[in-house]
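Reviewing the structure listed below.
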Amino acid sequence: MAETREEETVSAEASGFSDLSDSEFLEFLDLEDAQESKALVNMPGPSSESLGKDDKPISLQNWKRGLDILSPMERFHLKYLYVTDLATQNWCELQTAYGKELPGFLAPEKAAVLDTGASIHLARELELHDLVTVPVTTKEDAWAIKFLNILLLIPTLQSEGHIREFPVFGEGEGVLLVGVIDELHYTAKGELELAELKTRRRPMLPLEAQKKKDCFQVSLYKYIFDAMVQGKVTPASLIHHTKLCLEKPLGPSVLRHAQQGGFSVKSLGDLMELVFLSLTLSDLPVIDILKIEYIHQETATVLGTEIVAFKEKEVRAKVQHYMAYWMGHREPQGVDVEEAWKCRTCTYADICEWRKGSGVLSSTLAPQVKKAK
């Protein structure tokens, strides 16, 4: 009963979290895949006319003119970022920028990969508990469900030692980050281990560039989770970023779900108070071990595991660097020449100014950089 699915009346971004862990939002094809996917490489991108968020055609030139002095956070009306947004920046920052500017261009091949990966994640989650659908109609309801999940998962972890799909949220350089940890469990030695599942189309481990992205992702999960259990995340910060109305009454479906879980609440504020109290009193430890498990999609065979060494200074430095783009203090950057092979499977290769300019971003694409305060 720990995880839910929202009605279409509430967008995925309204909740702050996805239904499944965000580990499968983005899957990049290997270099070998690129060599076999000429149709994908040559597929026309949004180079001439694309559909905007209001479903009206927009030309690339008009899109470029829309880039002004607003920061990406302001321009895209973002209240927070997903962990995978920063993980994608680790792969190619410019791809992240194009994805926000021109959404909806995911190639069919990649969409199929995501569907398969999500199915495997769902099957794993169902091994531990059933799913309950709770209809919601407001962003407050959606966040209430996530708070309820946290309240239910914390005692389950302490009593049974194993949970999946744990929501996390916290600040990084003044920006709210949200995500969902795939799995948490205690080892035989009593250490808290984070396990992240990654599915592979081919029966082989990923290239180092992909591993680098994955390692940063799980490190960021630990960075946020540890801050939550150490009391470094505050209700005031969450309210400031999300603009949630704590006094708004919860919907009837959410209230029923709360009562079934043993919680007598009326508003989001009631739940938020319980969540932060639970994080404080549960005596949850910080995460001791970070593990990534790679499995083959077709056969479910484990291809290998990676134990990630958490380097807090390095994580902080990367977060600071990536947030500088989102806050408008610098231009988005493409990949280095040595990693230009990534462009072979990029949906935006045909319009990429970085690629066309051999690593120099066109002034028509780059927003005016704000000076860091």
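Keep in mind that glycine also has a Cβ here, set from the backbone N, Cα and C atoms.
Pulled from Swiss-Prot:
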BINDING   Cys92, Cys343, Cys346, Cys352  [4Fe-4S] cluster binding site
BINDING   Asp182, Glu196  Mg(2+) binding site
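Cα separation, Asp182 (Mg(2+) binding site) to Cys352 ([4Fe-4S] cluster binding site), rounded: 33 Å. On a Cα basis, Glu196 (Mg(2+) binding site) lies 26 Å away from Cys343 ([4Fe-4S] cluster binding site). Within 8 Å of the centroid of the Cβ atoms of Cys92, Cys343, Cys346, Cys352, where the record puts [4Fe-4S] cluster, the same chain has further Cβ atoms from Leu94, Gln95, Gly334, Val335, Lys342, Tyr348, Ala349, Trp354, Arg355.
When the binding-site residues Asp182, Glu196 are compared by the number of other C-beta atoms lying within 10 angstroms of their own C-beta, Glu196 comes out lowest. Between Cys346 ([4Fe-4S] cluster binding site) and Glu196 (Mg(2+) binding site), the C-alpha separation comes to 24 Å. A Cα-Cα distance of 31 Å separates Glu196 (Mg(2+) binding site) from Cys352 ([4Fe-4S] cluster binding site).
The binding-site residues under consideration are Cys92, Cys343, Cys346, Cys352. Their Cβ neighbour counts within 10 Å are lowest for Cys343.
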